[in-house]
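Residues or ranges marked as active site, nucleophile in Swiss-Prot (evidence: sequence analysis): 238. Sequence annotations record features per position, and here Swiss-Prot assigns NADP(+) binding site to 94, 95, 118, 163, 402 based on experimental evidence. What Swiss-Prot lists as D-glyceraldehyde 3-phosphate binding site is 237, 238, 239, 268, 283, 296, 297, 319, and the listing cites similarity to another entry. Under the heading site 'Activates thiol group during catalysis', Swiss-Prot lists 265, citing similarity to another entry as support. Summarising the annotation, Swiss-Prot assigns transit peptide to 1-83.
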């Protein structure tokens, strides 16, 4: 029987760590391509005929594969030995399992997932991780070790089952960051129970309740984060993560006066499979049989990361009978007059190739929702649907995988928290392992490749 202490002998285990920002710097194909990452290796997906999900290994990956960990007392070698932060996932549902798959696909992550809290126990957790109706079969080797532990490709992960965060063994396991994925503990007192239990930081994977919890959207305001800002932060909602990046572009380039948004959103676990009681009478109706109008705070929440837009945006959601992938339809009045649809799309293309690379994409191909399944981008602009009316009214449509894409941003935010951790900041690499090596060894033969 594995004990809690068995997973916590080393406070912060050492591991080879590559570029912290590499997770946000990718090489992309033209038009409607997704991050060129071998998704099939860890999600079990098969690409459609329209979009390629898998890729060849990049030069960066080839270099990374050749790096070795620095032995104790040995001379410097390529590869920085830095600490990893221990992570707990509280709530092993859709976002919790997507987060684990996304994290598993990043070999350079500064995070070490050591435990999940799941009310179903080891058998349920491993089965649902391995076999997923949306993602397909997880290609990793998932095994049950005992009734408290499972492994992914040999990496042990503990399973605990307790609905009360105060009773979770975060102190005993030395947990640094909790990924709060239950959707229940979204305010200060609730999420704060993880801190009381011994965790250092909490990332809420939902909109937070209360003005005391800062919200961050990667690509929009994540640079505002600092280790001492707060111990509890929110990654906002999937829809806010889709909306905020391209709204930022529109406001910076054209100036937003006001606007409304509709998200046509796949049904979620908060709805009923068959008609049944629910506090929202519309969500009480069968999710797979109806278009369900409901509320969303996504548009208003944009002002949490773009304060200048407070009071300028609002919207609703239409829940539809699809299990995954959603689409935002935004209509705004703009200050700049005389623009064309191509002007708007070019602004998005510029941002997608620059400051929002890896977060925003532009698609020129007439695709449908399933083609955006497992897209790593927060939002993908459907350029053919961009419209301009009267020179000062703009309509933009953007696709997003409300599970996978959102979970990638949760990993990004957790990486950012790790990279800002006191004592680890100096260990952050440049984003290119060869570049880091050449800074200290400019005369090395390999470094001449970059001269």
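Just so it is clear, glycine is given a Cβ too, placed from its N, Cα and C backbone atoms.
A map of Swiss-Prot features onto the structure.
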residue: 94; record: NADP(+) binding site; Cβ contacts under 8 Å, 6 or more apart: 268, 269, 403
residue: 95; record: NADP(+) binding site; Cβ contacts under 8 Å, 6 or more apart: 181, 205, 403, 406, 407, 410
residue: 118; record: NADP(+) binding site; Cβ contacts under 8 Å, 6 or more apart: 91, 92, 96, 124, 125, 159, 160, 161
residue: 238; record: active site, nucleophile; Cβ contacts under 8 Å, 6 or more apart: 326, 400, 402, 403, 405, 406
residue: 239; record: D-glyceraldehyde 3-phosphate binding site; Cβ contacts under 8 Å, 6 or more apart: 263, 265, 296, 298, 317, 326, 328, 400, 402
residue: 283; record: D-glyceraldehyde 3-phosphate binding site; Cβ contacts under 8 Å, 6 or more apart: 270, 271, 272, 292, 294, 319
residue: 297; record: D-glyceraldehyde 3-phosphate binding site; Cβ contacts under 8 Å, 6 or more apart: 207, 237
Pairwise Cα distance maximum in Å, NADP(+)-binding residues per record: 94, 95, 118, 163, 402: 25
Among 237, 402, which are binding-site residues, the residue with the most C-beta atoms within 10 angstroms of its C-beta: 402
Assigned conformation of residue 296 (D-glyceraldehyde 3-phosphate binding site) - DSSP reduced to three states: coil
Residue 118 (NADP(+) binding site) in three-state DSSP notation: coil
Candidate with the highest Cβ count within 10 Å, taken from the recorded positions 163, 265: 265
Sparsest-packed of the listed binding-site residues (268, 296) - C-beta count within 10 angstroms: 268
Three-state secondary structure, which DSSP defines for residue 319 (D-glyceraldehyde 3-phosphate binding site): strand
Secondary-structure category, per DSSP, in which residue 95 (NADP(+) binding site) falls: helix
Neighbour tally for residue 319 (D-glyceraldehyde 3-phosphate binding site), based on other Cβ positions within 10 Å of its Cβ: 24
